[in-house]
Structures are given as C-alpha cells and as structure tokens.
Amino acid sequence: DFLCISLVNGFTQLRYNLGDRTIILKTLQQVQANGNTWHSLKAGRVGNEGYLELDGINVTQKASPGMNALDTHTDFFVGGVSSLNLINPMAIENEPTGFTGCIREIVINNRELNLTVTDPKGGANIGDCDGTECGYSVCKNNGTCQVENSGFSCSCPREWTGTTCEQSIYCSQNTCGSHALCIPQPSSFSYTCACTLGWTGKYCDNKIKFYIAKFVGNSYIKYTDPFYGKRDLQYSRLSLNFTTNQTEGLIAWMGKSEDEDNDFLAIGLANGTLKVVINLGERISVPLMHNKYFTCSDGRWHFTTVVQNQTCIKVYLDEELILFEDIDPQRKYTALNYGGICYFGGFEIGREVNMVTTGLFQKEFFGKIKDVVLFQDSKKIPLMKAEGYNVHDGNSGN
C-alpha cells in the first residue's frame, strides 16, 4: 500500500493504492514554477474516495467498491526518500527524482509536522527556505514578523506580548508558582493558575498527596503504561471506582487521542448512564449503553470493569454484568493498540472533550476516581506519579 503526492510535467498528482488497484488524481491547473509563488495543496482520501485540491480547485475520485484502509508501516518522507529503490514503481509516473523547491506547513490528520532541524527523524541536504530570520511562523498568535539588523521583531495583536507573541497580556504579570501554568481569562481581564499534579492552592504552592483523585471539570491525568510493550492487546481490561453527581462526563480514555485513526477504549457518562465506547480500527467506534441504569450520578461510589476479549466486550457495573456484545463477529480488528496512554477525567488543557471525542462524550469529568487497575495487574495505577493538572485530593469526606 502507498500514498504519494508528486509533481509531474508541471501538474501535481496524487496516487494511492489500498491493496487492490492504483488510483491516480491530477490537478486541473499547472503549478507556477517561477520559484516565488506559494501554492496550497490538500490531498487525501476518505475510505477509497480520493481528493486533490490545488489553490482551492478540487478534483475528486468517487468511491467504488474495493479496499478502504491504507496499511503502511514505513516512515513518512517529504521531498524525497532515503533510497529511490524504496519507491513502488506504481507510485510515480516518471523516474523517481527528489523535489527541488520549498515546502512548509505540513498538516497530517490535523497535526502539523514541525519541519525543523531537530523534530524530524532524519533527513539530508535541507536548507532554510525563506532565507530570513523570520522563517515561517516565528511569531505566534497571528503576530507579524519583521526582519531587523539584529535578527527579527514581532508585531503582536492586542492581547499578546513577548518576543514571539507567545504570552497573553493577562499572564504577563502573573504570580502563579513554579508548579503552575497561567491560563488567561480574557472575559474578566485576568488569569487563573492551573496546578501540576501534586500541587494545589490559588497559586499552586501547596503540596498534596492523594490516593483518590478529585476532578473539577478542567482537570486531567495522563498516565503512560510502563508495561505496554508486554501487554497482550487482544485481551485488554480496565477497572476503577468513581463517584459523581453529574450526568455527563469522560471518566477514562485508553488511547493516544492524537487523531481519529487511533484505537481507544473509553468509559464515561451520558444522561446519567454508564457509556462505553471502543474502536479497534478504521474509525469504527461502537458505543455501548445500558438504559436500565440511571444510578451512576447519585454521588455514591460505583465500581466498573470493562473487559475486551478480541471483539467481545463485557462491561460490569457494581459487579453485575450489564453489557456483553461482540462488536465485530468478522474479527477484522481484534487488538486495542492504545499506545500505552490512558487519560482520566479529560484531556490536556485547551483540548475540549466533545471535540477530541467527536461528540461521543460531552464534557470533562466532575467527581472522584480511585483504584484504577490495568489488565490483570496486581497493583493499582499510581495516579500521583502521572502527568496532569488541576487534580485535587479526594481523600477528605469519604
């Protein structure tokens, strides 16, 4: 399988093969090859339907029956490849040659690739394209870059300041401690301090320890599973205790959550009912809900366990089996490739739950979580040793 974008006789071309045939799309207009015109190119596929857009003019290949997954396990190459004999002959029209020109702002599945000296895995014979101190996107938050004798300067929009417009004016005089992030609050012309895990207080200067994690809506814990490489991903298991008086919220998310192609197993609440969603591949997420139970938002502790045995999913609530379903009798995808990442209560600051989960869950979790166990581990996850913000000690009043 491959997906390749190339320049052919002055036209841009997209070629891809999902395992059954090579599909070719070519732009309607030629590229200006004068060396000083930037072009915007969008290309990709949804299933086996491809699209290619140059400077806003779109060409689409309508879907027809056939394979619809791109199975590639290689590096992603830009501008050329490490060895030309790596290229599938069907991926290009003419002899393979490296690209000569400038490339900037590459976005794959909504994630921008940083084309810097240090971020890529490797490369060769690359120079700075813009040729000025300003380079590309030096000034953050829509700041304007100007070349100066001493380097560059940024002209910042009204609400931003700093050398590269990286700091909100509301945070320029902040008194948050060293264990905090300053979060601007433009509506009140002020800021709040977001405390890293293990710290609390208005300015995050009070150290805490906890075994029960209390989430207040703008909280999250991100745990990296040290045993991920040894897990049998066809037989996953997640269990925990939670308590809340809210009817909506994301309790746990096993998965990288970087883009919609990532596998995941999620537990949360919808309309006061326990909701479990699992995606083992190809963006096919199966939500499981049991309408008999509307008791999860009663402020009491509830114990839940989700067991994945290949495509068979069992959900237990308070030690009663409430859901048992085979989400894919064809057994096309049977492993939960969650990347060793588990989120609790929400995602990183600035990443809204309803956006990241594409509406599967409406908001962050308000409540408490304890006794989290992965797979058949004999020990609970040490939540204190993970990464996170705005998590409080939930031990009091239990």
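Just so it is clear, glycine is given a Cβ too, placed from its N, Cα and C backbone atoms.
Features reported for this protein in TrEMBL:
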DOMAIN    1-129  domain 'Laminin G'
DISULFID  C102-C129  disulfide bond
DOMAIN    130-166  domain 'EGF-like'
DISULFID  C156-C165  disulfide bond
DOMAIN    167-205  domain 'EGF-like'
DISULFID  C176-C193  disulfide bond
DISULFID  C195-C204  disulfide bond
DOMAIN    210-398  domain 'Laminin G'
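When the disulfide-bonded residues C102, C129, C165, C176 are screened for a C-alpha within 10 angstroms of the C-alpha of C195 (disulfide bond), the residues that qualify, in sequence order, are C176. When Cβ-Cβ distances below 8 Å are used as the criterion, the domain 'EGF-like' (130-166) is approached by residues 102, 104-105, 172, 184, 186 of the same chain, each at least six residues removed from its ends. Non-local contacts of C193 (disulfide bond) by the CB criterion (under 8 A, 6+ apart in sequence, same chain) comprise N174, C176, G177, A180, L181, C182, I183, K202, Y203, C204. Summarised by DSSP class, the composition of the domain 'EGF-like' (167-205) is 6 helix, 17 strand, 16 coil. Across the structure, C129 (disulfide bond) and C165 (disulfide bond) place their CA atoms 23 angstrom apart. Taking DSSP states H, G and I as helix and E and B as strand, the domain 'EGF-like' (130-166) has 0 helix, 12 strand, 25 coil. With respect to their backbone Cα atoms, C156 (disulfide bond) and C102 (disulfide bond) stand 27 Å from each other.
For the disulfide-bonded residues listed here (C129, C165, C176, C204), the lowest count of other CB atoms within 10 A around the CB belongs to C129. In this structure, the disulfide-bonded residues under consideration are C156, C195, and the one with the smallest number of other Cβ atoms within 10 Å of its Cβ is C156. The Cβ of C102 (disulfide bond) has 15 other Cβ atoms within 10 Å, all protein chains considered.
The residues of the domain 'Laminin G' (1-129), classed with DSSP into helix (H, G, I), strand (E, B) and coil, number 6 helix, 42 strand, 81 coil. Of the recorded residues, C165 (disulfide bond) and C102 (disulfide bond) place their C-alpha atoms 26 Å from one another. Confidence annotation: the domain 'Laminin G' (210-398) carries a mean pLDDT of 89 in the model.
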